[in-house]
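Enquirer: Straight out of TrEMBL:
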TRANSMEM  41-59  transmembrane segment
DOMAIN    43-476  domain 'Major facilitator superfamily (MFS) profile'
TRANSMEM  79-101  transmembrane segment
TRANSMEM  108-126  transmembrane segment
TRANSMEM  132-150  transmembrane segment
TRANSMEM  162-180  transmembrane segment
TRANSMEM  200-218  transmembrane segment
REGION    231-253  region 'Disordered'
TRANSMEM  274-294  transmembrane segment
TRANSMEM  314-335  transmembrane segment
TRANSMEM  342-359  transmembrane segment
TRANSMEM  450-473  transmembrane segment
Amino acid sequence: MTTPTLNYLTTRLPSLLPKSTHLSDIPNPFRLLASLDRQNWAFFSVAFFAWTWDAFDFFTVSLTLPDLAKSFGRSRTEITWGITLVLMFRTVGAVAFGVVGDRYGRRWGFVVNNGLFVVLELATGFCQTYSQFLACRALFGIAMGGLYGNAAATALEDLPPIARGLMSGLLQQGYAFGYLLSTAFSRALVDSTPYGWRPLFWFGACPPVLIIGLRLLLPETRTYQKLKMERELKHQQQQDEEEGSGQEGGTGMRKKGVTHVFWEQGKQVMRKEWLLLTYMVLLMAGFNFMSHGSQDLYPVLLDTQFLFSRDQGTIIQVIANVGAMFGGTTVGFMSQFAGRRLSILVMCVLGGAMLYPYTATDVANQGWGRIAAAAFWEQFAVQGAWGVIPAHLMELSPAKFRTFVVGTSYQLGNLVSSASSTIESTIGERFPLPPETTPDGTVVGQRCEYGKVICIFMGCVYAYVVVLTLLGPECLGRRFDRRDSEALEDTGVVFEEDHEQGFEIFQGAQGEREKRDRKGEEAV
């Protein structure tokens, strides 16, 4: 183990401490909100609602799983492949739309994503066979995967750095809000018409049309416009040096050259930042195991193991998602003061402590009120940790490829964790429970002890996230302007803490790389 690596490891525990312990240093959240201008709010709002509806469309399968199994004549475990395929194919969308977002702008990838949501949610509602259902969900995964990076960049990259933690927490809670809306509309639409589960999917196709219209009214973000101008100026400088800027036919060559500059920058990022990108993927794998492991099969647990009625199950899930939204917003805000990594670690400890009451409460003797309280705090912890992630990933990512890196690392993590619900369902079937009759007289025959499986599974996930977060880097307060980003992009494998700015950075093992082409950059 090299000396720089040892030096880095010795800083991991001390670097968790907040830079200041005075409560007076905590900024007023209302002043932070007031620091955003109208364009900031417009970008954030359209990204928030898109991410909300992304989550709504995803959870439509989890909430109608028994109905889908009955409609297609398949087991619940087989239907969970509709969830797994979405998570697996999200990586394809993240790569494709991430490249489009970084090269051609955030707006058009965002619009195409939401257009695909409309088509694929409608198509899912008209599926007549299991194969058609799986095909639609796989394609939906591509669309869903492409949205996150564009939405995070649209919402956060133009914000004042001091407001980033709070707004990151608010943005991430679009996921919990989408789950809450999906739960409420599932109760209202499923089995309330002769079409069973299908109206929920048809309804899910409508709001993205409005989101598309709102996004088309907005320009590109200021940060992207600056990056685009820098690429064009850099290419123009190359043209001036090699061929002369006034040559005939220069326009066509320039267009081709800007794209060439983009791909060359991409190669440099992949070559220099491979360690950072690998870490981000591993971290996102743990976070996606955390969310999907605690949420995807929970409606089935409430329905079949705890024998809750539809109304009781809906109430529990609404309470859980209120806890999630409260946790994500609160912890996202506090992470701006306490630090991203420390906030994640505290939430993992809280989530681990709440696992047993969340999954193994004796409902018959202790009542469903305890389940509601446990669900609130468990999802407070899960989404509290998640509330840090949008800002954390944005701060770690290279500026020129922020959409690609944020979206791809998130979705590659999703790919690793894609089988979480199928794993839990398959293992749960090894712990069968005897048939029971619900209070309304319905006999539930296919029962499994999903609570035990979720509890053990999530305990392992929390331990993994704790270790990875403890060892990982942090760039709290990193600016997104060009000079700061360029300095951080010349990176390698050694970590160093920047005490003046209050965050850690990856600094190149060969320090001279930071000075490379500096004169050329200043000339540009």
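Backbone N, Cα and C define each Cβ position, glycine as well.
Buried or exposed, and what's around them? Tell me for each listed feature.
Expert: Listed by sequence, the residues of this chain that lie at least six past the ends of the transmembrane segment (41-59) yet keep a Cβ under 8 A from its Cβ atoms are 86, 110, 113-114, 117, 121, 140, 144, 147-148, 150-152, 154-156, 158-159, 167, 170-172, 174-179, 181-183, 185, 204, 207-208, 211, 214-215, 218, 221.
Residues 50, 53-54, 57, 60, 93, 97, 100-101, 133, 136-137, 139-140, 142-144, 146-147, 150-151, 154, 198-202, 204-206, 208-209, 211-212, 215-216, 403 of the same chain, all 6+ positions outside the transmembrane segment (108-126), place their C-beta atoms under 8 angstroms from a C-beta of that stretch.
Through the fold, the transmembrane segment (132-150) approaches residues 47, 50-51, 54, 57-58, 61, 68, 72, 81-83, 85-94, 96-98, 101, 106, 109-110, 112-114, 116-117, 120-121, 123-124, 402-408, 410-411, 414 of its own chain, all at least 6 residues removed from its boundaries and within a Cβ separation under 8 Å.
Tertiary proximity for the transmembrane segment (200-218) is limited to same-chain residues at least six positions away from its ends with a CB under 8 Å from its CB atoms, namely 39, 42-43, 45-46, 49-50, 53, 56-57, 60, 63-64, 107, 110-111, 114-115, 117-119, 121-122, 124-125, 182, 185-186, 189-190.
Remote same-chain residues near the transmembrane segment (314-335) are listed as 26, 29, 32, 165-170, 172-173, 175-177, 179-180, 183-184, 186-187, 298-299, 302, 308, 342-343, 346-347, 368, 371-372, 375-388, 391-392, 476 (criterion: CB distance under 8 Å, separation of at least six residues from the stretch ends).
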Enquirer: Could you tell me the mean pLDDT over the domain 'Major facilitator superfamily (MFS) profile' (43-476), as a whole number?
Expert: 85
Enquirer: Which range wins on Cβ pairs under 8 Å with the transmembrane segment (342-359): 162-180, 274-294, 450-473?
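Expert: Maximum Cβ contact count belongs to 450-473.
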Enquirer: Give the nonlocal contacts of the transmembrane segment (450-473) in its own chain as ranges (CB under 8 Å, at least six residues past its ends).
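Expert: That would be 9, 12-13, 16, 276, 279, 282-283, 286-287, 289-290, 293-294, 297-298, 300-301, 304-305, 341, 344-345, 348-349, 351-352, 355-356, 358-360, 385, 396, 420, 423-425, 427-428, 431, 495, 504-506.
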Enquirer: Same-chain Cβ contacts of the transmembrane segment (79-101) under 8 Å, 6 or more residues past its ends?
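Expert: Apart from its flanks, the transmembrane segment (79-101) reaches 58, 61-62, 65, 68-69, 72, 108-110, 112-113, 133-134, 137-150, 153, 288, 292, 296-297, 401, 403-408, 410-412, 414-415, 417-422, 425.
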